[in-house]
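Some notes on the structure that comes next.
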Amino acid sequence: MNYEAIVIGVSAGGINAMKTILPTLPTQFGIPIVIVQHIGARSDGEWFRILEKLCNIKIKEAEEKEEIKSGMVYVAPPNYHLLIEKDKTFSFSIGERVNFSRPSIDVLFETASEVYEDKLIGVILTGANSDGAQGLKKIKENGGLAVVQDPLTAEIALMPRSAIEATSVDYVLSLEKIAELFIRLDQNNLEQR
């Protein structure tokens, strides 16, 4: 399978989780990654700037109408839902909170699954609510790959547990093993080109 995007949902404990996964990805990592991290509406974005210093690949805040490109990590801006359009660009919404959250993981996952279908990898990491569980279910329904952090290794296990209860998942892994899986799937993409 040639995967075209990875979407990651993370909440409480997310900075530490991202510090474990993203810095291990090599410079030539090709699959674009889009992250919704539950953050406060007034966040200044420092959380991903910390990561940027540790990583080999470029991390940036997603922009309205921006085209999703390989080799990039995009993060949702505070206080906006991040959606993926059919032309593989971002759009923002200030619609109602979903699962008490804006940005919402479910909103990203559901729109991404409609665009990428079976070429999408959905990932749920540590967090303190059930956001992302229904979105991951939608990814599975559209033939995508579902990956969940092992709740036993999560800083807060509620979000991974909710995802596991909502749908059948392909992988339940530690953060280190998730990073290894990403690298392996990206290598498979290169070999299939």
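Cβ coordinates come from backbone N, Cα and C, glycine included.
Feature annotation from Swiss-Prot assigns domain 'CheB-type methylesterase' to 1-189.
The active site feature in Swiss-Prot is assigned to Ser11 (among others). Other C-beta atoms found within 10 angstroms of the C-beta of Ser11 (active site) number 25, with every protein chain shown included.
Within 10 Å of the C-beta of His38 (active site) we count 25 further C-beta atoms, all protein chains included. Feature annotation from Swiss-Prot assigns active site to His38 (among others); the stated evidence is sequence analysis.
Asp131 (active site) carries neither a helix nor a strand DSSP state and counts as coil. According to Swiss-Prot, the feature active site maps to Asp131 (among others).
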C-alpha spacing of His38 (active site) relative to Asp131 (active site), in angstrom: 10
Assigned element (helix, strand, coil) containing His38 (active site), judged by DSSP: coil
